Amino acid sequence: MASFSAETNSTDLLSQPWNEPPVILSMVILSLTFLLGLPGNGLVLWVAGLKMQRTVNTIWFLHLTLADLLCCLSLPFSLAHLALQGQWPYGRFLCKLIPSIIVLNMFASVFLLTAISLDRCLVVFKPIWCQNHRNVGMACSICGCIWVVAFVMCIPVFVYREIFTTDNHNRCGYKFGLSSSLDYPDFYGDPLENRSLENIVQPPGEMNDRLDPSSFQTNDHPWTVPTVFQPQTFQRPSADSLPRGSARLTSQNLYSNVFKPADVVSPKIPSGFPIEDHETSPLDNSDAFLSTHLKLFPSASSNSFYESELPQGFQDYYNLGQFTDDDQVPTPLVAITITRLVVGFLLPSVIMIACYSFIVFRMQRGRFAKSQSKTFRVAVVVVAVFLVCWTPYHIFGVLSLLTDPETPLGKTLMSWDHVCIALASANSCFNPFLYALLGKDFRKKARQSIQGILEAAFSEELTRSTHCPSNNVISERNSTTV
């Protein structure tokens with residue numbers, strides 16, 4: 001996903017995917033998010049940071065606005081990335097930085113919203129403690145810790161994002177050793193139809209398009225690997241067209257692979273790759289072949305085939321791709337996705353829902369002033385909007401780990417992945433408008449200054465605890481800010 005957040009390859013892009021509804025919808029969402037979110041968050045940051053008195057609530061929402069503003073600043077790069085059909089013209093550093101900013105926004109926002117929820121809960125259930133300990137300094141310290149944790153959660157994105165070159169264009173994606181995952185994989189065509197061996201995804205600087213003729217030799221099996229100097233086109237072979245006992249060719253997910261140069265391998269090994277009598281019955285060159293598009297498996301008639309039977313150096317060819325010979329998703333990709341789901345969504349969501357449920361229950365039982373629900377209402381709606389925007393992103397991320405991209409469901413997930421990323425980014429433009437609409441009556445707010453609107457939304461007003469005695473002195477001590 002990343003990344004913004006999410007993440008096969010076609011030479012001509014005949015399908016013109018940027019004309020498809022999901023891509024158009026994504027571009028519209030990203031454009032509106034940038035046009036509305038940048039001035040909106042910038043205005044809130046300027047007024048709340050420079051014009052308003054610093055309170056605990058102001059600190060919370062000030063840092064939340066800063067996270068949203070950083071996300072909005074990265075949106076032009078994401079929009080251009082989508083408009084260029086997955087091409088990345090901004091270089092390696094921004095390939096790492098831009099997705100990291102989007103993930104940073106996600107973690108910082110959800111951690112800040114969780115802190116706001118816990119703060120609301122403490123105000124209601126522990127008013128005396130809040131009266132003595134809840135202050136601006138503590139809020140700033142908590143926000144600082146939140147930013148540190150959010151930066152730590154971005155490290156995997158910054159480490160694993162790399163530039164790949166395909167069709168003479170740079171593309172940005174994840175690289176896990178010999179495995180890779182490009183952004184916007186549905187921009188690329190069928191990897192086995194009308195594909196030239198020149199158009200192979202390669203990390204720049206790591207391998208050349210043309211190599212000198214060479215061969216791999218082992219003591220057990222003589223493997224001759226002539227280098228292909230001219231573009232070759234391979235069509236998907238049928239199972240019946242292959243000789244009995246020959247190695248069958250299975251399509252590999254090119255959109256998620258990093259490939260070596262275009263080599264045609266002519267193994268002189270026993271038919272079916274048997275282990276016992278591997279020094280007899282050499283095959284001719286037509287019995288089996290392997291291109292860098294394809295993955296090699298022994299036929300049903302063969303005995304067990306081990307990767308160690310391959311000559312040294314060719315084993316790297318065998319394991320290229322996002323999936324290994326057991327069709328397993330790379331462990332780092334699984335770890336990144338699950339961590340985002342649990343730490344960046346499920347756990348904070350449970351905490352926020354529990355906090356606001358307890359608050360609603362207590363408010364229904366107690367005597368709370370109408371003004372007390374002001375910031376509470378703003379916080380609840382902000383949390384709800386966050387969950388709506390980010391839920392599809394995490395669902396699609398998990399499904400992408402469990403679904404074969406070549407199935408109809410997998411292709412649908414790839415097509416709508418852009419929309420999920422755009423919707424998650426759109427969360428960064430909603431909050432300024434929520435602040436303006438939820439404090440007081442909208443008609444009154446329309447006549448107020450921006451500073452007055454924000455002061456109403458982030459107000460720190462005294463309210464009375466539900467269990468305060470009638471004694472005025474004790475009642476005043478039990479009052480706290482909301």
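Glycine is no exception: its Cβ is also placed from the backbone N, Cα and C atoms.
What Swiss-Prot annotates here:
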| type | residues | note |
| --- | --- | --- |
| TOPO_DOM | 1-23 | topological domain 'Extracellular' |
| CARBOHYD | N9 | N-linked glycosylation site |
| TRANSMEM | 24-46 | transmembrane segment |
| TOPO_DOM | 47-57 | topological domain 'Cytoplasmic' |
| TRANSMEM | 58-80 | transmembrane segment |
| TOPO_DOM | 81-96 | topological domain 'Extracellular' |
| DISULFID | C95-C172 | disulfide bond |
| TRANSMEM | 97-118 | transmembrane segment |
| TOPO_DOM | 119-139 | topological domain 'Cytoplasmic' |
| TRANSMEM | 140-160 | transmembrane segment |
| TOPO_DOM | 161-340 | topological domain 'Extracellular' |
| MOD_RES | Y174 | sulfotyrosine |
| MOD_RES | Y184 | sulfotyrosine |
| CARBOHYD | N194 | N-linked glycosylation site |
| CARBOHYD | S266 | O-linked glycosylation site |
| MOD_RES | Y318 | sulfotyrosine |
| TRANSMEM | 341-360 | transmembrane segment |
| TOPO_DOM | 361-377 | topological domain 'Cytoplasmic' |
| TRANSMEM | 378-400 | transmembrane segment |
| TOPO_DOM | 401-417 | topological domain 'Extracellular' |
| TRANSMEM | 418-438 | transmembrane segment |
| TOPO_DOM | 439-482 | topological domain 'Cytoplasmic' |
| MOD_RES | S459 | phosphoserine |
| MOD_RES | T463 | phosphothreonine |
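For the transmembrane segment (97-118), the most Cβ-contacting stretch among 24-46, 140-160, 341-360, 378-400, 418-438 is 140-160 (pairs under 8 Å).
The Cβ neighbour count for C172 (disulfide bond), using a 10 Å radius over every protein chain in view, is 27.
Taken together, the residues in the topological domain 'Extracellular' (1-23) have a mean pLDDT of 47 on the 0 to 100 scale. The stretch in 58-80, 140-160, 341-360, 378-400 that contributes the largest number of Cβ pairs under 8 Å to the transmembrane segment (418-438) is 378-400. Classification of C95 (disulfide bond) by DSSP places it within a helix.
In three-state terms derived from DSSP, C172 (disulfide bond) belongs to an extended strand segment. Taking H, G and I as helix, E and B as strand and the rest as coil, DSSP gives the topological domain 'Cytoplasmic' (47-57) the counts 7 helix, 0 strand, 4 coil. Neighbour density for Y174 (sulfotyrosine): within 10 A of its CB lie 28 other CB atoms from the protein chains shown.
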